[in-house]
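Annotation comment: TrEMBL describes 155-186, 345-405 as coiled coil. Marked as region 'Disordered' by TrEMBL: 293-317, 431-467. For 338-415, the entry in TrEMBL reads domain 'REM-1'. Annotated domain 'SH3' per TrEMBL: 483-544, in sequence order.
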Amino acid sequence: MSWGTELWDQFDNLEKHTQWGIDVLEKFIKFVKERTEIELSYAKQLRNLSKKYQPKKNSKEEEEYRYTSARAFLATLNEMNDYAGQHEVISENMTSLITGELTRYVQELKQERKSHFHDGRKAQQHIETCWKQLEASKRRFERDCKEADRAQQYFEKMDADINVTKADVEKARQQAQLRHQMAEDSKAEYSSTLQKFNSEQHDHYYTHIPHIFQKIQEMEERRIVRIGESMKTFAEVDRQVIPIIGKCLDEITKAAESIDHKNDSQLVIEAFKSGFEPPGDVDFEDFTQPMKRTVSESSLSNSRADGKSEPKFGGKSKGKLWPFIKKNKGAGPEDFSNLPPEQRRKKLQQKVDELNRDIQKEMDQRDALTKMKDVYIKNPQMGDAASVDHRLAELGQNIEKLRLEVQKFEAWLAEVEGRLSMRSEARRQSGLYEAQNTSAVNSCAQDRESPDGSYTEEQSQETEMKVPATDFDDEFDDEEPLPTIGTCKALYTFEGQNEGTISVAEGEMLYVIEEDKGDGWTRIRRNEDEEGYVPTSYVEVYLDKNAKDS
């Protein structure tokens, strides 16, 4: 199967076909280029996506990654970044192994094809030239034969004419012989040219053209093999990264399996536990005791006028069961007294640990400088020992300051931990006491919970209020406001954003209705409708003398 023998007369079609083959190769190169661009774009989008959801440093988001589910998500983001890197590898390998190589090969192929078809055209032109020479020799032979024939006929005519002189006859005879000789020469030349043409034509169609077409066939077959190899490389480049992509996906699966819901639940408790206790049961106050046994139903309004009313907890209630304290927008006090007890303990412990780490760093620096000083003392040529004294003194002062800070925060921490333990013990004892005295419902003091969960007793008459004789509407009226026991001045601005707290502005004067019971909160009032708790450290309290005595 050879193009030279089978397609000896299809020069133009072979030229078109080989050009089509080069076009296919260039189309494949363009396809691979666009694939690499897609891979790069995809990798870039994946990297941007991973970066977009990465936690910002020193932000609240960073704290959230202590949960196993959030850490698993972070691991997924990191693996997706590596996943994107593999698509960049695909793009790079396809560019170097396919696009670059094939582009160079196409240039070489074009040059080779041009050379082969140039040789083919040259051979074609040569045989056409030989053919033209044959045709010219043939026409010349034909012409000379006709001329010789005419010269012979003229001679015979002259020879037969009696009126023509002998000289004219001789001249005609010589002319006929000359033309006959020219015809013989033309015949010999034509014969020689024909033999030469036949030889050239045989070589052209059985040697030169088959040889050229064979080279073109080999060139085309190499192109076909090359594009097939490139397609295999196209698949192999992709296949090479599959194990790494698989590892990325395995790591994502592993991260998902590492999620511990119980651990995350415990972290939520540690993060948000306030240390408060839920409010206790509200005691029943029997308003029927003061009523006479013989009163009729019509005396209801009178009994309502003389009776005492239980403060309601729905609607516009002044006293809240307990406030849920959030972190202030501004900087809170140094001792974190604005936080619930458990959160305050946690913050103080973190501060102590942080200060201890700072002390260790300073001590490490001091030890290093001390060793350096010893080296300078033993080897003065290496440096001046006195040059480090100033820095050693600074480090000593820093360590001393940090130790004082640690003592201060440890004292606050011990105070909070002691208060929490005392409070829990007191609640256990209180629970036993209340279980033994459940019969004394009407005479017991009403419990009211302060922000830290401790209970303060108030005499029942302090919470009693006159109930106006109005139509009964199935709801209790507003409770009587607590009496003021002094005034206070806000030292700082406090934004009360939670239930039970109240916002105050720096320098504002307000009324005190309940002093700090040891939980770090003071209850104040601005007017009839506005009262709540503020951190005691935020206000300066001036209690009335009578209130102190009572």
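Glycine is no exception: its Cβ is also placed from the backbone N, Cα and C atoms.
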Within-chain partners of the coiled coil (155-186) [C-beta distance under 8 Å, separation at least 6 from its ends]: 137, 140-141, 143-145, 147-148
Number of helical, extended and coil residues in the domain 'REM-1' (338-415), per DSSP: 72 helix, 0 strand, 6 coil
Helix-strand-coil residue split for the domain 'SH3' (483-544), DSSP-based: 3 helix, 32 strand, 27 coil
